[in-house]
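Colleague: Got a structure for you, questions after.
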Amino acid sequence: MNNLFRFRSFVKSPIFWFSQPIHKLIRNIGVSAHIDSGKTTFSERVLYYGGRIHEIHEVKGADSAGATMDFMELEKEKGITIQSAATHLQWKGYQVNLIDTPGHVDFTIEVERALRVLDGGVLLICGVAGVQPQTLTVHKQMSRYKVPRIIFINKLDRMGANPWSAITSIRKRLGLTVAAVQVPIGADQTFNGLIDLIKMKAYYFEGLKGEEVREAEVPERYMEQAKEKRQELIETLGSVDPEIEDLYLNEQPISEEQIKAAIRKNCQEHKFYPVFMGSAYKNKGVQLALDGVVDYLPAPEEKSNFGFQYSQDLKEEKKIEFKTDAKQPFVGYAFKLEENKFGQLTYVRVYQGKLKRGDYVYNMKTKKRVKVAKMAKMHANQMEEISEVEAGDIFAVFGVDCSSGDTLVYGDMSYQALCSSMFVPQPVMSLAIKPTKKEYSGRFQKALSKFQREDPTFNVDMDKESEEIIISGMGELHLQIYAERMRREFEIEVNLGQPTVNYRETITQRQQFDYLHKKQSGGAGQYAKVIGYVEPLQLEEGQFSNQFENRVIGTSIPNEYITAVEKGFYECVEKGPLTGYPVVNVRFALEGGETHVVDSSSNAFMLATKYAFAQAFKAARPEILEPIMAVEIMVPAASYQQAMVGIAKRRGSVTNTESRGDMFVLNADVPLSQMFGYATELRGFTSGQGEFSLEYRKHDPVPPNEVEMILSKFKGKKRGQ
């Protein structure tokens with residue numbers, strides 16, 4: 001007999017609700033994926049089925065209203081998510097705090113900071129394209145913060161969709177242990193339901209918006225496939241779970257509860273990830289994925305969160321674990337800022353304790369104490385005022401002066417701790433920018449200041465020689481969006497220069513230095529000698545740093561001059577001698593030197609360091625590094641040759657090719673400097689049917705024939721000043 005469930009309306013069970021601590025009934029999740037995989041469409045259905053909204057609006061929909069989570073006018077116009085947006089809803093007695101994140105690589109910091117504070121995630125995969133470049137990036141980000149996830153293969157209504165190919169690409173390209181917990185009923189345009197492999201029941205999504213979920217028996221024609229895929233699920237689970245393995249090998253029955261418990265345990269231990277399926281746009285499968293969120297993803301207290309506390313006794317920081325306990329001292333992490341007409345809005349994740357309106361918080365970075373006058377839960381750009389939050393909650397607060405990444409503790413300062421930091425990628429592209437009129441300068445500076453506070457990957461510098469203002473970010477679109485926001489939010493027209501690539505300089509071999517700086521011109525002179533070496537600093541791919549080491553034995557150089565040498569070194573690496581771009585991955589070791597009783601000074605040792613570094617750098621086989629992008633290009637099969645030739649012409653290195661139906665997919669590593677203007681070229685030879693995406697991968701040495709061109713541009717720029 002068929003059962004009908006109406007999932008949009010939900011009445012809490014009083015017994016269930018009060019039988020557990022409140023934080024056990026919280027799920028903090030994010031929805032992440034490659035661009036155009038359907039994240040915002042999925043989030044819109046989650047809000048609708050959770051009763052949070054009463055109408056479904058589409059991204060770039062015909063009604064012009066736009067999806068709830070894409071509330072910026074720019075997002076509605078372009079049909080892409082630019083900023084992460086937070087909301088909350090109820091699902092079967094659980095409070096689900098949801099953050100919808102952008103898919104475009106230019107806005108990767110929005111994904112980074114969302115995943116930093118979330119306990120679980122939903123990773124969307126396109127059922128047609130499978131794993132794509134930004135999927136790899138999101139996977140790395142989830143792994144960096146140890147975020148358990150469920151996987152949702154979307155767009156099964158599309159022509160060419162194949163969930164089993166998508167699962168193969170997940171295993172192959174992401175290296176994850178996964179298995180389907182569902183089988184689709186129908187394919188492409190005939191896709192109309194799902195088979196739950198754990199319950200062995202079929203589900204159909206009926207009603208005007210798929211809100212009525214009908215349970216039925218598994219259709220006979222799908223029974224064999226369902227049994228086969230259920231066997232695969234149990235075998236895959238058994239490979240990571242000894243209890244399931246024992247039951248399977250001994251041919252004992254495995255209950256629904258045992259399978260669910262094994263999935264939950266191994267998902268949270270990052271050993272296994274369940275794969276759900278559906279089509280968000282066609283209103284199919286989202287409710288079952290929400291069931292997976294509450295069944296398999298952790299509550300706040302089930303995920304370990306660590307920070308640091310300063311020990312007065314040991315005079316050092318010690319690692320601590322925050323307790324999801326309202327009785328403990330309050331600790332919150334400010335992970336996102338927004339400026340609006342009411343002032344600064346700060347998004348905070350509570351890791352420990354509780355906070356009430358009217359309490360004071362202490363900013364561990366600014367050392368300032370401030371009163372919390374207004375607290376709110378966010379629903380996209382709408383606020384709902386609240387009076388209290390507890391460990392596990394995500395909320396927003398007004399009037400707290402802080403930056404993204406600051407730790408807030410209870411205002412009496414009796415308990416001081418720091419949350420672990422967030423990874424911030426380095427900008428890869430720069431543009432010169434200036435307002436078209438002088439009277440804009442005040443608003444222009446205000447806009448730059450606001451955007452820097454909001455976005456750690458948006459940098460502003462002044463070129464000391466040309467006096468141009470240079471903005472840097474994660475890509476051309478990233479910077480163009482900020483220019484457009486200046487026009488809309490601050491009524492400022494700006495001119496943008498040509499995009500420039502953010503090169504880096506480094507060395508490839510160790511080089512000794514022994515430099516004496518001696519100058520006498522009447523009165524006190526300058527005397528400083530530094531001895532040591534520079535050498536390459538070995539770091540992980542894509543990581544940049546520099547390191548100063550004090551290897552001085554004895555008192556040949558007093559401590560105050562060693563400090564001056566260190567300062568001089570770090571000033572040197574800000575602007576490299578070859579191109580003016582920063583020097584990276586260099587270790588500067590100071591081993592000794594000489595001083596003069598009268599003529600030595602901190603200034604003399606700083607100058608000696610700079611001259612010594614310049615000499616050693618040139619002798620250490622320096623090279624210029626350029627950003628390399630992982631590019632994925634999808635073109636009609638008939639255009640594959642032009643795509644291959646175009647990438648070869650741009651110094652690209654092909655890493656993979658494959659056919660997806662009547663489309664040809666090419667993956668390659670290409671220098672960013674060679675990708676300018678590619679969109680126009682691609683549109684031309686594919687008659688508008690081609691598309692491409694790119695993400696930062698690493699910095700690699702520039703080929704010798706290109707080095708001279710870069711150096712000549714730098715020299716020409718200096719001559720033109």
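Here the Cβ of each residue, glycine as well, is placed from N, Cα and C on the backbone.
Pasting the feature list from TrEMBL:
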- 33-40, 100-104, 154-157: GTP binding site (BINDING)
- 24-301: domain 'Tr-type G' (DOMAIN)
Colleague: Calculate the per-residue pLDDT averaged over the domain 'Tr-type G' (24-301) and state the result as an integer.
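Modeller: Average per-residue pLDDT within the domain 'Tr-type G' (24-301): 89.
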Colleague: Counting Cβ atoms within 10 Å of each candidate's own Cβ, which of the binding-site residues LYS39, HIS104 comes out highest?
Modeller: LYS39
Colleague: Would you mind checking how many other C-beta atoms are within 10 angstroms of the C-beta on ALA33 (GTP binding site)?
Modeller: 26
Colleague: Write out the long-range same-chain contacts of LEU156 (GTP binding site), meaning residues 6 or more apart in sequence whose Cβ is under 8 Å from its Cβ.
Modeller: GLY127, PRO163, PRO184, ALA187, PHE191, MET277, GLY278, SER279, LYS284, GLY285
